[in-house]
Amino acid sequence: MTSERSLGGVVLAGGYSTRFGESDKAVADLAGTPMIRRVVDRLATVTDDLVVNCRDDQLEAIRAALAGSDLEPRYATDPVPDRGPLAGIQVGLEAVDREYTAVVACDMPFVDPALLETLHDRACGRDGAVVRLEDGWYQTTQAVYRADAMAEACAETLDSEDKRIVAALERIDIVEVGENDLEGVSERTFEGIDTQEALAEAERRMRR
Ligand SMILES: Nc1nc2c(ncn2[C@@H]2O[C@H](COP(=O)(O)OP(=O)(O)OP(=O)(O)O)[C@@H](O)[C@H]2O)c(=O)[nH]1
């Protein structure tokens with residue numbers, strides 16, 4: 001399916017998980033399922049072209065974690081590792097084959113597909129839709145972008161002094177979505193699991 005309403009997906013997994021310790025959080029087991037598999041399976045319900053961005057040295061473990069998952073992803077590895085999430089977003093968006101694409105970090109296993117559909121609706125005709133929480137923080141790694149516009153903005157931003165993801169957002173025409181517009185969306189959607197403590201706490205909650 002490649003209709004106008006078709007949504008692509010990029011899962012960002014190319015970081016070094018330093019806060020997580022020795023192991024890669026992307027493939028960490030959360031209540032019996034690797035975190036990245038939870039993200040991929042949720043994305044598979046609303047996307048039909050999925051790209052996982054990671055480093056070459058992660059490929060084997062991530063492929064194993066995703067074997068037999070609901071939507072077989074393609075892989076786009078970083079030509080230069082450790083250039084930060086913005087570079088990962090660029091690599092992923094350049095590889096995806098859909099005009100609009102949801103970008104989600106591998107450490108957000110509770111991502112709500114309903115949010116991604118809402119963001120897709122809001123992004124139409126613009127370069128993206130990004131949630132901005134009341135504290136002013138943009139949720140850039142759980143957002144929908146027009147793939148070519150955001151990939152170009154990432155490239156320009158990486159070549160400039162200010163390499164933050166929000167600096168790339170300033171180069172494109174995004175719709176800001178406020179917390180008040182998130183009715184019906186799971187409040188856990190933005191929960192990131194970037195430490196062992198956060199993983200243990202999420203497991204405790206899920207087993208209750
Ligand atoms: N391709 C790529 N992705 C990255 C890079 N750094 C972070 N990411 C991804 O961007 C998302 C958000 O980054 P962080 O939560 O800071 O992840 P991280 O850098 O692995 O973790 P820490 O080292 O603990 O900060 C995660 O999905 C990471 O996999 C990078 O250098 N390259």
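Residue positions begin at 1 at the first shown residue.
Heads up, the Cβ atoms here are built off N, Cα and C, so glycines get one too.
For LEU12, ALA13, GLY14, LYS25, ASN53, ASP78, ASP107, the entry in TrEMBL reads GTP binding site. Here TrEMBL flags ASP107 as Mg(2+) binding site. The feature domain 'MobA-like NTP transferase' is assigned by TrEMBL to 9-169.
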- Same-chain residues six or more away whose CB lies under 8 A from the CB of LYS25 (GTP binding site)? SER17, MET35, CYS106, ASP107, ILE193, ASP194, LEU199
- Message: Restricting to the chain of LEU12 (GTP binding site) and a gap of 6 or more, list residues whose Cβ falls under 8 Å of its Cβ, or answer none.
- Response: ASN53, PRO85, GLY88, ILE89, GLY92, VAL103, VAL104, ALA105, CYS106, THR141
- Task: Work through the binding-site residues one by one (ASP78, ASP107) and point out the residue whose CB has the fewest other CB atoms within 10 angstroms.
- Result: ASP78
- Would you count the other CB atoms within 10 A of the CB of ALA13 (GTP binding site), including those on all shown protein chains? 27
- Task: Give me the largest Cα to Cα distance among LEU12, ALA13, GLY14, LYS25, ASN53, ASP78, ASP107, the residues the record lists as binding GTP, in Å as a whole number.
- Result: 18
- Looking only at the domain 'MobA-like NTP transferase' (9-169), what is the mean pLDDT? 97
- Reduced to three states, what secondary structure does DSSP give LYS25 (GTP binding site)? helix
- Item | In three-state DSSP terms, the structure that ASN53 (GTP binding site) belongs to | strand
